[in-house]
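Presented below is the structure to which this report refers.
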C-alpha cells in the first residue's frame, strides 16, 4: 500500500523535514533544558514552553493537555513514549509521586505493574521508532499502535500494528483463531491500513530488567486480504500468448 499524503505538497514537506531530523532536535532540546516529567498513573506529564511543545508535536510524542493554568503548557506522554525518551534516548527524567527521580529499573517495574505486556509493546514501539516511523496508540482501530511515515497532519497511517510475544503464553491471547484474524484484517482494510504483526522473542531471558531488551529479537509480518480480482489471470492475455506460441 502506497503512502496516502494529505494534500498537495505534503510529500515535499516531509522530504524537506525528515522525522529523524525532528526527533534529533527534540533530543537535543530535552537535554539542554533538563526536562523532567511527573509520573501520573499510566502516563507522564511534562511542563513545556512553546518551542518544546512544537518539537514534541512535530516528533509525534505525547499530546497537549488542556488545564486551567493558562500560563503553563503540559504534554501527556504514554508509557512507551516515556520509556523511549528515558531509556533509549536518555533525555528525560521522571519524578515519582514521592518526589524522587525514578531510575530506568524503577520505571520498568512500575510500567510492568500497570501493563503486564509492557516489555513486548515497548520493544515493538522502539523497533518502529528506530526505523523513523511516527508511532501512535491504535486503540481506536483495535490494535496496539498505528505507524505513520511522517506527521499525521501530512500523511495517513499505513500500518495498524499488533505487538505479540513469540510462542504460546499467557500474554498472547490475540489472533489465536481464524475469526480473530479475519475480523482484524477486515477492520484494517476498511480504514485503508495494512495489518503489521510485530512478533517479539525474549529468547528465554524474561523481563526482570530493561537491559534484557537488547537481547530481544523482532520479526515483522504483514497480513492482507486476498483480492481475487487482482490475482485473477487475464484470460485474453493467456489466449493471445497461446496463439502466438502456436504460430
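The chain as shown is numbered from 1 upward.
Just so it is clear, glycine is given a Cβ too, placed from its N, Cα and C backbone atoms.
Bear in mind that TrEMBL entries carry predicted annotations, made automatically and left uncurated.
Positions annotated as compositional bias 'Polar residues' by TrEMBL: 237-247. The domain 'tRNA intron endonuclease N-terminal' annotation in TrEMBL covers 37-108. Summarising the annotation, TrEMBL assigns domain 'tRNA intron endonuclease catalytic' to 118-204. What TrEMBL records for 226-247 is region 'Disordered'.
Counting residue by residue with DSSP, the domain 'tRNA intron endonuclease N-terminal' (37-108) contains 24 helix, 23 strand, 25 coil.
With helix defined as DSSP H, G or I and strand as E or B, the domain 'tRNA intron endonuclease catalytic' (118-204) counts 29 helix, 24 strand, 34 coil.
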